[in-house]
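According to TrEMBL, the protein has these features:
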- Lys88: active site, for sulfotransferase activity (ACT_SITE)
- Cys282-Cys292: disulfide bond (DISULFID)
- 79-323: domain 'Sulfotransferase' (DOMAIN)
- 12-29: transmembrane segment (TRANSMEM)
Amino acid sequence: MLFKQQAQLRQKLLVLGSLAIGSVLYLVARVGTLESPIPGPEQIPLRSIQFKRALLHELRRGNGTKEQLGLQRLVQQLPQAIIIGVRKGGTRALLEMLNLHPTVVKASQEIHYFDNAKNYARGIEWYRSKMPFSFPHQITIEKSPAYFITDEVPERIFKMNSSIKLLIIVREPTTRAVSDYTQVLEGKERKNKTYHKFEKLAIDSSTFEVNTKYKAVRTSIYTKHLERWLKYFPVEQFHIVDGDRLITDPLSELKLVEQFLHLPPRISPFNLYFNATRGFYCLRFNIVFSKCLAGSKGRIHPEVDPSVLTKLQRFFHPFNQKFYQITGRTFTWP
Ligand SMILES: Nc1ncnc2c1ncn2[C@@H]1O[C@H](COP(=O)(O)OS(=O)(=O)O)[C@@H](OP(=O)(O)O)[C@H]1O
């Protein structure tokens, strides 16, 4: 009995200790690093949010119940915004970077609720149960890149929330297709299986034209997919993120997303630093905690015959023009 009480006391002290250390480190980290906060009704007390995040972390680790940690107001909210695609566009980087914002809570896993018949049949409360705990003033975001290209998804999302905000991150279409191929190739190699070369898959061997049956090619015809979505949602409900710029200048892209989501600007230069070894920007949450994306992000692409790349770029050109026209955002793709 005495032993149990001592163990409980020790656990409580541990929780309080880690919370106190976390808060002090957080305050030290934020002082002087934040952009001057914008005054107004939207302003959220950052420090208390970060403190609550620390409590949330303790809850997830099983170091107390909601009541013990004073987290009764925690809820599992359906997402108010979804990153619907595009596969290999930088969806993971975008989600992780948005999660730096104190008002954003991410669903860590891809949930595949709307594109997977079995999951969809489980119902909306199943979907909600997959969402992270958050406070009512926070917004939940999930990403499942397969949503963008799956026929049934727009209608299903519309039925859940017709005013939801939709984020699409795109990359130069040919590079995206090669990235898509690289991921599949790696999977095959891991299983000691052989796989065709990209050139063979992307070009029809009888007509020497671009093979539009190849999924990696089809996914890059962004306008075709977007048109299906526009049957349900007005174009204002979408925000297009430049995935190429998210790699080279992530903060500029994140600022545009903050505006689109009506979030106060809180992601600052402090939160992002370039890691020369990785060749990418990594994320800094505070002076002690920073992380880069997993090694599966930023793979080295195989070399592709330049004439095939040119053929693909020519093929995508008219679709790209249409995409610019519809979205009102122009990219520098060839
Ligand atoms: N900061 C940072 N760190 C690492 N990787 C980054 C980052 N920003 C964008 N990217 C690019 O993200 C590409 C992977 O895209 P996705 O996350 O959408 O892939 S997936 O569809 O979820 O598999 C991945 O594509 P590849 O380079 O082709 O592997 C990266 O180029």
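Any Cβ shown, glycine's included, is placed from N, Cα and C.
Here the features listed in TrEMBL are painted onto the structure.
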{"residue": "Lys88", "record": "active site, for sulfotransferase activity", "DSSP class": "coil"}
{"residue": "Cys282", "record": "disulfide bond", "DSSP class": "strand"}
{"residue": "Cys292", "record": "disulfide bond", "DSSP class": "coil"}
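Lys88 (active site, for sulfotransferase activity) and Cys282 (disulfide bond) have their C-alpha atoms 18 Å apart, to the nearest angstrom. Counting other CB atoms no more than 10 Å from each candidate's CB, the recorded positions Lys88, Cys282, Cys292 peak at Lys88. Model confidence over the domain 'Sulfotransferase' (79-323) stands at 97, taken as the mean pLDDT rounded to a whole number.
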